[in-house]
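Working notes, beginning with the structure itself.
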Amino acid sequence: MATPANQTGRITQVIGAVVDVQFEGHLPAILNAIETKNGDNRLVLEVAQHLGESTVRTIAMDTTEGLVRGQEVTDTGNPIMVPVGVGTLGRIMNVIGEPVDEQGPVANEGLRPIHAEAPTYTDQSTEAEILVTGIKVVDLLAPYAKGGKIGLFGGAGVGKTVLIQELINNVAKAHGGYSVFAGVGERTREGNDLYHEFIESGVNKKGGGEGSKCALVYGQMNEPPGARARVALSGLTVAEHFRDQGQDVLFFVDNIFRFTQAGSEVSALLGRIPSAVGYQPTLATDMGALQERITTTHKGSITSVQAIYVPADDLTDPAPATSFAHLDATTVLNRAISEKGIYPAVDPLDSTSRMLSPLIVGEEHYQTARMVQQVLQKYKSLQDIIAILGMDELSEEDKLAVARARKIERFLSQPFFVAEIFTGSPGKFVDLADTIKGFRAICEGKYDHLPEAAFYMVGAIEEAVEKGKKLAAEAA
């Protein structure tokens, strides 16, 4: 809600990221941005509470060191406004829309408030269409919906960020679509690496502009909780503008857990009583306000991929558990799989998607996915017997199932474009038809004669056959 702008108030109290401001006249509305100078920097405060008749409690979007009591503050009359449009592509902005990549001001098509209503039911589109990513394990077993929400679950260091980079790269190449990346409370080093990798891989041009495909909005680990709690909304606002222009946008959030974590810090600073495991009492409301805006309308779509850190690998923790309710597909990364050297370390039995239905993906795709899961599940149930008694005690049928399962496990790995510099093997984009054909053939036993090493880190099944011949020649 807009209020009369340019009213001035004075700071009465500063406690960390919380600043109390006293106004003589009309109080600024909740969620309004109010501004002050802190040294040479413009400091934005967001109104969070009204205390009594003349004081508001605000959350700072930057550090508050250097603020003094009695300092003058101006009400902008609006929520935080960020630049939107093609000019944001290839640029890095912070939570309040200021460029932080030292490439000059951001050319924009106007400013939009970061707080907005979700699209109404009549505006939303309900068509079900699959988004092909070129990553075999994803496309086959847990396909992504165009305009859907996807959760990437995994503990620390199992490859969430690399998978996100590969998705941005593949979607930019295959679909030519724009992406928006919101870095929420993650490592500054990773943010910097991502920016440079995008330039090196041709996703973005240095300094932005023509040829760039991805806008970056960062609020990193070292920022105050106010910035981390709002930066996802700033990124979403940029994505919403592209959607309203008729684009199919990809919106990446790394990491949605830090959004919850920052909300919990802000909540504690505002003196609210915590709920389960010390999280904010408004956890579900905060999550809903963000997630309900990520949707497909009749104009365009926002497909969102959210990395979700799982504290102590516990999926029942309130933060990941609240995210689950909003998702169309889950891609679960498993440490046990990454320890085998299989990347992407996606768990083929734990990952789910509402798109995996014969009515949406077709009968052949559905049956192949189920066959693959059946073989892998059988292998999983035999693992105890193998560990205790060894392979020799299995029946011939079970031995065959285990051999096929191990081939499938290895065939679910594939070299990534963004990891070429580390692995030395060129990345592979595998078409959906090739993926289905390859896995179906393995399940039907057409490649029982090939060694399992032939299936490791290849693209389509033809490459596995070539690799098998090469291995046989070397062995001879």
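Indices start at 1 and increase along the chain as displayed.
Every residue gets a Cβ built from N, Cα and C, even glycine.
According to its DSSP assignment, Gly157 (ATP binding site) is coil. Residues or ranges marked as ATP binding site by Swiss-Prot on the basis of sequence analysis: Gly154, Gly155, Ala156, Gly157, Val158, Gly159, Lys160, Thr161.
Within 8 Å of the Cβ centroid of the ATP site, not counting the listed residues Gly154, Gly155, Ala156, Gly157, Val158, Gly159, Lys160, Thr161, the chain contributes Tyr309, Leu333, Ser338. Proximity of Lys160 (ATP binding site) to non-local residues of its own chain (separation of 6 or more, Cβ distance below 8 Å) is seen for Leu152, Gly154, Asp254, Asn255, Ala307, Tyr309, Leu333, given in sequence order.
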